[in-house]
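Everything on this sheet refers to the single structure shown next.
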Amino acid sequence: MIIKILGPGCASCAAMEDAVHAALARLGLRATIGHVTDYAQIAAFGVLNTPALVVDERLLVAGRVPAADDVAELLAGHLARQDVAR
């Protein structure tokens with residue numbers, strides 16, 4: 001799983017990363033986490049408000065920092081959709 005946090009590197013971006021790490025730990029998952037700070041790349045995802053969370057090139061949330069439990073639900077849902085697609 002490849003996770004990208006989109007945003008300028010602000011405190012909200014750091015909070016998003018913390019929530020992602022906590023969610024991964026709760027789910028017992030590993031992922032590669034990267035940051036995208038280039039506004040053109042951020043806009044390519046259709047994001048107008050940051051921070052945003054992208055998993056495997058799919059935008060899951062933008063414009064807010066969800067709680068770790070919410071991130072865990074988003075990640076679990078993403079994985080379930082991938083399993084159905086196979």
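Even glycines carry a Cβ here, placed using N, Cα and C.
Because TrEMBL annotations are produced automatically, they should be read as predictions rather than curated entries.
TrEMBL lists 1-75 with the feature domain 'Thioredoxin-like fold'. According to TrEMBL, the active site, nucleophile annotation covers C10, C13. According to TrEMBL, the feature disulfide bond maps to C10-C13.
Mean pLDDT across the domain 'Thioredoxin-like fold' (1-75) comes to 97 in this model. Per DSSP, the domain 'Thioredoxin-like fold' (1-75) is made up of 31 helix, 19 strand, 25 coil.
In sequence order, I5, G7, H35, T50, P51 are the residues near C13 (disulfide bond), counting only same-chain partners six or more apart with C-beta under 8 A.
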